[in-house]
Amino acid sequence: MELATAGKVNEVLFMNRGEGESSYAQNSSFTQQVASMAQPALENAVETLFSRDFHLQALNAADLGCAAGPNTFAVISTIKRMMEKKCRELNCQTLELQVYLNDLFGNDFNTLFKGLSSEVIGNKCEEVPCYVMGVPGSFHGRLFPRNSLHLVHSSYSVHWLTQAPKGLTSREGLALNKGKIYISKTSPPVVREAYLSQFHEDFTMFLNARSQEVVPNGCMVLILRGRQCSDPSDMQSCFTWELLAMAIAELVSQGLIDEDKLDTFNIPSYFASLEEVKDIVERDGSFTIDHIEGFDLDSVEMQENDKWVRGEKFTKVVRAFTEPIISNQFGPEIMDKLYDKFTHIVVSDLEAKLPKTTSIILVLSKIDG
């Protein structure tokens, strides 16, 4: 199935479910690492909300693209802890926290809500009672009533696209990104342009929807996968997709995958530069940029001394967030072979010395009026 429409992507874009060894819940250590780096930005956003004269009785916060790992629990705990701190400082009496957890319909909401222990949300007798609700649906459209949210958080979700970029086949119906699943050094310029155009369209839709839902002077804290350099085909920003394409091509050569399935598949994700993100926000004009920064991190797997252990652990992380969409295109029956091949490529081609991963932290405030 070619991922040419938003409806198709929405059906298959989710992290691996459950709590098994290939699940996202068990393989989200890197995004936890990213979230810990972004925690000060979230803390500052809550502080900022208290400095703006909202006369709050309840703070309404949304975590968009929450998945089902422990990262969402850390977000809730951080917001709640900062609210309790400010309440003690300001002698607030009846402040409550309402958190909306959003992701697409295929998300493992059962595992997510099973993890919402009293340690995360506390109890209703505490100084800041916390109430949690699930909100399934695409964040590229409206999810909440007008002027209903004070704080929006999203981590490692906004770089996913509503569909594979348009215009990646010729008039004759030939694939323009043959043998690849993302931008690469061999991709023609039209592929790069199509990916940036799709990200521009989708991120603008995201901002437009939030501009209607967030109250004036409300805050958004967005963490997304990105890149430091201007070249989107730089190995640091596309190595995961490049290695996956190599693994798929190996199975094509063995007759296990039809070549046309590889040629017509383009991953619906884009790792933008800081300049591209900034430009889209400024063009939209609904939010001011309070803070934007990029930072590079080694994956936690790099702490392992043995290259095979590093490679296998990295494969589990990649499988956790790619298997549903990859399986939908190429078939569940060859997933074990595919990710085993991926491990061998990681170890032999890179000696499991993985490039650093770039993340972008973006803090926005809704313009008043």
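Positions of Cβ are set from backbone N, Cα and C atoms, glycine also.
Going through Asn107, Asn110, Asn147, Asn177 against Swiss-Prot, the one listed in the Mg(2+) site together with Asp263, Phe265, Asn266 turns out to be Asn177. In Swiss-Prot, the caffeine site is described by Thr31, Tyr156, His159, Trp160, Phe321, and among Arg225, Arg227 the residue recorded at this site is Arg225.
Here the Cβ of Ser138 (S-adenosyl-L-homocysteine binding site) has 23 other Cβ atoms within 10 Å, regardless of which shown protein chain they belong to. Other residues of the same chain near the Mg(2+) site, with their Cβ within 8 Å of the Cβ centroid of Asn177, Asp263, Phe265, Asn266, are Ala164, Leu168, Ala175, Lys178, Gly179, Lys180, Ile181, Leu262, Thr264. When the recorded positions Arg225, Asp263, Ser269 are compared by Cα distance to Leu104 (S-adenosyl-L-homocysteine binding site), the shortest distance belongs to Ser269. With respect to their backbone Cα atoms, Phe265 (Mg(2+) binding site) and His159 (caffeine binding site) stand 18 Å from each other.
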